[in-house]
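Report on the structure given below.
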Amino acid sequence: MPSAFQFQCHFILIFLAASKGETRYLEVKDAGEDEPFLLLSEDLKRELSAGQIYRRSLRCIDMLSIEGQFTFTAEQPQLHCATFFIGEPEELITIDYNFVNIDCQGGDFLKVFDGWILKGEKFPSSLDHPLPTSQRYVDFCESGNIQRSVRSSQNVAMIFFRIHQPGNGFTVTVKKNANLFPCNVISQTPSGRFTMVIPHQHRNCSFSIIYPVVIKISDLILGHLNGLFLKKPSAGCAGVGDFVELLGGTGLDPSKMFPLADLCHSFHGSAQMKIGCDNTVLRMVSSGKHINRVTFEYHQLDLQETENRKENSIEEFCFPSI
């Protein structure tokens, strides 16, 4: 039975797959009349490549993985709405307010959050984000014209909004910017390959995959300084400032997940693990003294792999939601 986390993420994954053209079995009518190009047809691709701005209306609950201009107009009181934004791992997201017509004094609000929140859990976690949680919110009703543009710290962001009066709403433009050293990332797809590099920065970076997966680490460099490797610790990762950990759980926040494995020795080769959790996270902890790098690839566990667990499977650590 799907967990609550999987159920909440279901609509997100459908939007992501559709925007990537990976759910060809979806019918256009399922996308709604206001979005005839949800499946990114060849006509839309040509328009976008020619410099056209993609425009459409927003739903109360929505997901965007493409640049463009988006408008929400309330047809009735909408009290619990959110739009999730996601880019490629190496992209940051900028949200510009073009037009806002809401009643702040009457209880309306429009807030940008630097990251994602699902069921009270945050990504990136409070331990991994450069800003305290209170500063990750930008409230239009408080900032007004002072801050008309908000940029994310990673490849995901979201807006919360509440609008009481029909006819009121807002328009935003979404842009993507290059991120030379991606840190915290949510994967758009259930399979892929990624190299995470932390160059002399004291920070923690998490790569989140909202699927049960097989993950294979093919290259890990820790404590790399001027072409030399520091002496390896005698055992374990206790007291080591630079290491990689694998986490699994049923929510979004890495700090609330179960630790499955620690890696604190550099190696070139292959280390593979099956993780049957709703969410899998590879997290690198960096002291800032060295250049750390990890390369890994992953793919979704299929039904047969889930049923036929082997010695390196850690599915038993992932408990269903109650």
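Each position is counted from 1, following the chain as shown.
Glycine residues also receive a Cβ, built from the backbone N, Cα and C atoms like all the rest.
Where the annotation comes from TrEMBL, it is an automatic prediction and has not been curated.
Per TrEMBL, these features apply:
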type     : residues      : note
SIGNAL   : 1-21          : signal peptide
DOMAIN   : 52-177        : domain 'Corticotropin-releasing factor binding protein N-terminal'
DISULFID : CYS60-CYS81   : disulfide bond
DISULFID : CYS104-CYS141 : disulfide bond
DISULFID : CYS183-CYS205 : disulfide bond
DOMAIN   : 185-306       : domain 'Corticotropin-releasing factor binding protein C-terminal'
DISULFID : CYS237-CYS264 : disulfide bond
DISULFID : CYS277-CYS318 : disulfide bond
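Structure with TrEMBL features highlighted.
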residue : record         : contacts (Cβ under 8 Å, 6+ apart)
CYS60   : disulfide bond : PHE72, GLN78, HIS80, CYS81
CYS104  : disulfide bond : PHE140, CYS141
CYS183  : disulfide bond : PRO124, ASP128, SER153, GLN154, MET196, ILE198, ARG203, CYS205
CYS237  : disulfide bond : PHE243, GLU245, ASP262, LEU263, CYS264
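Taking the Cβ of CYS141 (disulfide bond) as centre and 10 Å as the limit, one finds 15 other Cβ atoms among all the protein chains shown. Shown are the disulfide-bonded residues CYS81, CYS205, CYS264, CYS277; the one with the most C-beta atoms within 10 angstroms of its own C-beta is CYS277.
Looking just at the domain 'Corticotropin-releasing factor binding protein C-terminal' (185-306), the mean pLDDT is 85. Secondary structure of the domain 'Corticotropin-releasing factor binding protein N-terminal' (52-177) per DSSP, as helix, strand and coil residue counts: 11 helix, 67 strand, 48 coil.
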